[in-house]
Amino acid sequence: MRVTPAIALRLTTLAVGALVMITPFLYMVSTSFKAQQYVLKVPPQFIPDPATLANYERVLTKGNFGHFFLNSVLVAGTSTVIAVFLSAMLAYGFARYRFPAREWLFRLLLLGLMIPAMMLIIPQFILAKWLGLIDSLPGLVVFYVAGNLALNTFLLRGFFEALPAELDDAMQIDGANDWRRFLDLALPLGRPALATATIFTFLATWDEYAWALTSITTPENQTLPIAIALMQGPKGTQWGLVFAASIIAIVPVIAVFLTFQRHFVQGLTSGAVKG
Amino acid sequence: MDQVRRYLAPALFIAPGMLLYLVFIVYPMLQAVAMSLFDWQVVAGAVSVFRGLDNYARALADPRVWLSLSNSGVYMLFTVPPQIALGLGVALLLKDKSPAQPFFRVLYYLPVVTSWVVVSLLFKYLFADKGLINWGLGLQVSWLSDRWTAMVAICALGVWKGIGWSMMIFLAALQGVPQALIEASKIDGAGPWMRFRTVTIPAIWPTVAFVTIMLVIGGLNVFTSVQNMTGGAPGGDTDVVLTYMYRQAFEFLDFGYGSAIAVLLTLLVFALSAIQLRFFRNETMA
């Protein structure tokens, strides 16, 4: 490729923009290696001097950070698996069968796409209290699963509808019942769409803040977003510590993103996914 | 019997998810409306008194509701257009396949996948009195302790975190612009700006509509960043609708009043979406 002035100008603009986008991250990484007396030094240090691993050491060994990390893994992992599986069942039901009230029920699901989660937080709190689901990890899972059904069903239904009906018919002739056809045909063929749904659900549940803030009261039930938000001190936040914890918390997400980039683009273009 | 057999399979596929959805999403929707009509008592045994539309009247007369709504409006006004313009701009620069494309795409999209809590704390740190922003601009501003400067910081975060999302959507839409049309308009002697206006924009118009509507909804729903950057401080001056609603409910335990504010905001979101849909539809006709 020949580099014309136009291309050079375009690449320069993109690079400057990318630098603006990435600088906050780089500065966060830098600060996570600084001792407290250097974090708000003027002029700022871009390369920590002296660099220290003390923040990471403290995050990993003192306090309950490992426990919060495990909570997040458990809650996000379980919620994602259940939400994607139930959504796949819903989507398959809507895509493959005709039954009374079908359109009506699907519209009810679409309504869930338009109602922002925060609007429901007060009645959900009352409901959770009444059902004994407050301040517990299973309580988080139940609401995360319910909250992610609408989007995933919407995403997966289109995919299942596009699968050729001939394969389904052939399996039926071979005597496979509806459940077998779902498990052995629809799910394997639906892998790309299921991957997309899995990634977006995992990100949403890993980062969820408002519901965890509302329902969790015992420190040992905290997930990462809550634990990190609470690391702010009333006076003088330990910024190095906060960012060491933050970096450990966002590494899994960035790893997932970098690995499954292709599915991200697919998911976004099949519409209606707001990150 | 035949009927039962025919509908048994779909019923079993739909039932588990639908039941969960009805109990934990649909029921709370209705409950929110119901609660907004009561002076709702949280304490077990206490009787909630039916108040009709009192909570709504109170909300409409509450200057703090209007203040927080104006903050949400400011946030929307100063985050939605930049996200569209910059997202589309980056997408246009990136649309031709090149070895650098995936690399830039990742860099611009990184803030989107990062948790709101983390980036809120990060921007709080950048906008601190002795932070990077003050140093870089040569200023001595205490950003987060005044309403308008705090809104600047909050909006900056909103734009920075959102550009990657609209870029990604526009990038996909731009791949769908028919190359033949672009060639044809080149032959007709149209310059880049003319081609952009007469070919590209009409072709991606539905996407512009989609992105705008989603961003407006997202803007009205801003919560986590405000909660973590200022918490409404100083004195509730930087409250947006949802942080104000949240405080009414979970700090002052005024659940009925909080519900009324939530319902009003939902209605506003629906109304704005409907108006935008109509606007974008009319514009295509013209």
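Glycine residues also receive a Cβ, built from the backbone N, Cα and C atoms like all the rest.
Feature annotation from TrEMBL assigns domain 'ABC transmembrane type-1' to B:69-276.
Residues or ranges marked as transmembrane segment in TrEMBL: B:7-30 (among others).
Sequence-distant neighbours of the transmembrane segment (B:74-94) (same chain, 6+ residues past either end, Cβ-Cβ under 8 Å): 101, 104-105, 108, 151, 154-155, 158-159, 162-171, 174, 196, 200, 208, 211-212, 215-216, 219-220, 222, 240. Sequence annotations record features per position, and here TrEMBL assigns transmembrane segment to B:74-94 (among others).
As annotated by TrEMBL, transmembrane segment applies to B:106-128 (among others).
If you look up TrEMBL, you'll see B:148-174 (among others) marked as transmembrane segment. For the transmembrane segment (B:148-174), same-chain residues at least 6 beyond its ends with a Cβ under 8 Å from one of its own Cβ atoms are 71, 74-75, 78-79, 82-84, 86-88, 90-92, 94-95, 105, 108-112, 114, 116, 119-120, 123-124, 127, 133, 141-142, 200, 203-204, 207, 210-211, 215, 218-219, 222, 225-226, 229-230, 237-238.
Residues or ranges marked as transmembrane segment by TrEMBL: B:203-223 (among others). Remote same-chain partners of the transmembrane segment (B:203-223), defined as residues 6 or more beyond its termini with a Cβ less than 8 Å from a stretch Cβ, comprise 72, 75-76, 79-80, 83-84, 87-88, 154, 158, 162, 166, 169-170, 172-174, 176-178, 181, 240-243, 246, 265, 268-269, 272-273, 276-277, 280, 283-284.
Annotation source TrEMBL lists transmembrane segment at B:255-275 (among others). Here the transmembrane segment (B:255-275) has long-range neighbours at 32-33, 35-40, 42, 48, 51, 55-56, 58-59, 65, 213, 216-217, 220-221, 241-242, 244-246, 248-249, meaning same-chain residues at least 6 beyond its ends whose C-beta is under 8 angstroms from one of its own.
If you look at the transmembrane segment (B:7-30), there are no same-chain residues 6 or more away from its ends with a CB under 8 A from one of its CBs.
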